[in-house]
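Structure, as structure tokens:
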Amino acid sequence: MCPLIPGSPQGGTDLEKHRDLLMVENERLRQEMRRCEAELQELQELQAKPATPCPGCEHSQESAQLRNRLSQLQLEVAENKGMLSELNLEVQQKTDRLAEVELRLKDCLAEKAQEEERLSRRLRDSHETIASLRAQSPPVKYIIKTVEVESSKTKQALSECQARNQHLQEQVAMQRQVLKEMEQQLQSSHQLTAQLRAQIAMYESELERAHGQMLEEMQSLEEDKNRAIEEAFARAQVEMKAVHENLAGVRTNLLTLQPALRTLTNDYNGLKRQVRGFPLLLQEALRSVKAEIGQAIEEVNSSNQELLRKYRRELQLRKKCHNELVRLKGNIRVIARVRPVTKEDGEGPEATNAVTFDSDDDSIIHLLHKGKPVSFELDKVFSPQASQQDVFQEVQALITSCIDGFNVCIFAYGQTGAGKTYTMEGTPENPGINQRALQLLFSEVQEKASDWEYTITVSAAEIYNEALRDLLGKEPQEKLEIRLCPDGSGQLYVPGLTEFQVRSVDDINKVFEFGHTNRTTEFTNLNEHSSRSHALLIVTVRGVDGSTGLRTTGKLNLVDLAGSERVGKSGAEGNRLREAQHINKSLSALGDVIAALRSRQGHVPFRNSKLTYLLQDSLSGDSKTLMVVQVSPVEKNTSETLYSLKFAERVRSVELGPGSRRAELGSWSSQEHLEWEPACQTPQPTARAHSAPSSGTSSRPGSIRRKLQPSGKSRPVPV
Ligand code: ADP
Ligand code: MG
């Protein structure tokens, strides 16, 4: 018997078992599917929730990745679901076909059973007939035949049945084959289901992992949130506590203030009562305060007066000390400067050096004149190696004294070509005393700017053939006059002399350039002309002390004198003779003035030349004079050098101010500069000679243009 024949308990069980198993499996898969769907739904809901704002949280990125992964998984699950439903459909179809086949098989089997039943019944009947026939005699033979006939029929029927049975068995085998195929199909779908299940398991584990991560993340976020809440809570508690404490403090303060407030209220009421009488009290208090202030002002005034008095005394003392110092040093200082030998000196014996110095004493100069050594002692001697700065160093103390209100004269004296202009003006690359002096004045004035206000003005003039010209004026050829002030003060002034205020080195350069241009356009041979004229740079420094109102005026005269060389009587005529006469006259006058000052004569002949007349307030009194005697070192100039040095030594021994150095005085002749004419000593009104006002700056000269004080004592005195 076939084990799979339907109806047989064995075969029916196997097929049904398979089908039942498949259906159970199917059901289980459906349930899993539903569960997965439910989870998915959950996840989707979670995903759909607005992302918890967690800026900067590292989990948000991870969460986004997980969400992406989840959506991928969802897609895959959807695909699998599709596949599963297809498989389900297929299984359903196969189950239907199987049920059909089973039904047909059942029908066939029932038919077969019926046929067998009928055949066996006929067989039994036939057996019974045969047996009954055998029991009968001859007729039995016949009967046997009949039976045989009948038996062959039966046999035929049997064979037919057997053939049918065979056919049925074939059909069953065929059905079994179909069943086998179906079993195989079932097996393969089983495998597919197993694979799908494995995939689903994998997805599930992934889902579980993602879910776990999400949960962890949510947990950590939750923890963070809780922590933050706890911290905030703790802080709030602390703050609350502080606020409570403050409140308690304020309460206690309030409690303590209440009595104070009561007292204040009482006081206020008391004051209110008092205020009614306040105007009277106020008047009283005002009166007394006014009196006190008045007294204080008086005291301050008197102490101010005292201070002012002391300050003035101090200034006087300073002036005295300065005068004393000047007296001790001598207020006429003479230095010599020897220029280097230049190409212009030529070559040969005439150009040999005739000047030597004392290595131990820088005030000694030796000159070899016509084979005879002659030595001179001056205040200082500069050798050819001395720089412009070295020379300036020597004169800068004089220059700064201008700021204190002293008048200063610096002369460059010497024969033409000895270096006067080089020392005074210098070159653009290496400026001389003029520019350095102004620079120094600027910086000194700046240092004092906190207390004093200074103005520095500059005039430039030239004296040629006894005519005074303004080098900064619009008409330099115009001759200027030195006049007495019409106000009867006895002061001098030069009407029309231009005065420029200078504030910087640039200004100075412009002024110098302007003066130079004026001179150049005026004279075709400037070199020759300048050696025969005196060039004056007059710097006036006016100061006002902001706190005391004290005023000072100091004047610095920088003079590049005309060449001191003597012109032989016979060698000159016409213009040259006139020039020489004028130069001699003015240089002699300078000598005369110095001689008169030295010998303290009642009359000092300032008016004998324009030069001395113009410079009279800078030559007299406690003014200071520095003469730079320029020396040519070469043999051919020794006569002039000797002459210059003699002149210098004599000038040096003269004093301008009180006290004297008479012991040092050498012989002096006002004629020494004159070859042809004696210095005319015009009698001067005595009032102008020594009319020193004892005090009051109002009478001080303001500028050489406005007023030139004739007095011998022209230092400013505090107001
Ligand atoms: P002065 O004005 O007395 O006639 P200068 O000043 O014109 O003489 O000088 C004559 C020449 O000598 C100029 O070329 C000048 O540059 C030069 N000289 C004068 N003194 C010096 C010195 N100390 N160093 C260098 N050169 C000098
Ligand atoms: Mg010169």
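Glycine is treated like the rest: Cβ placed from N, Cα and C.
Copied over from TrEMBL, here are the features:
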- GLY414, GLN415, THR416, GLY417, ALA418, GLY419, LYS420, THR421: ATP binding site (BINDING)
- 19-118: coiled coil (COILED)
- 165-231: coiled coil (COILED)
- 692-701: compositional bias 'Polar residues' (COMPBIAS)
- 331-654: domain 'Kinesin motor' (DOMAIN)
- 660-719: region 'Disordered' (REGION)
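Mapped onto this structure are the features recorded in TrEMBL.
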residue	record	Cβ contacts under 8 Å, 6 or more apart
GLY414	ATP binding site	LYS420, LEU561, GLY563, SER564, VAL629, GLN630, VAL631, SER632, GLU640, SER644
GLN415	ATP binding site	GLY563, SER564, GLU565, GLN630, SER632, ASN637, GLU640, THR641, SER644
THR416	ATP binding site	SER531, GLY563, GLU565
GLY417	ATP binding site	GLU344, SER531, GLY563, SER632, ASN637
ALA418	ATP binding site	ARG339, GLN630, VAL631, SER632, ASN637, GLU640, THR641, SER644
GLY419	ATP binding site	ARG337, ARG339, GLN630, VAL631, SER632
THR421	ATP binding site	ALA412, GLY432, SER530, ASP560
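Among the binding-site residues GLN415, ALA418, LYS420, THR421, residues whose Cβ is positioned under 6 Å from ligand 1 are identified as ALA418, LYS420, THR421.
LYS420 (ATP binding site) counts 29 other C-beta atoms within 10 Å of its own C-beta, drawing on all protein chains shown. Listed in chain order, the residues near the ATP site other than GLY414, GLN415, THR416, GLY417, ALA418, GLY419, LYS420, THR421 are ARG339, ALA412, SER531, GLY563, GLN630, SER632, each with its Cβ within 8 Å of the site Cβ centroid. Not a single one of the binding-site residues among GLY414, GLN415, GLY417, ALA418, GLY419 has a C-beta coming within less than 6 Å of an atom of ligand 2. Under the three-state DSSP scheme, LYS420 (ATP binding site) falls in the helix class. Across the domain 'Kinesin motor' (331-654), the prediction's mean pLDDT works out to 88. The DSSP secondary structure for GLY414 (ATP binding site) is coil.
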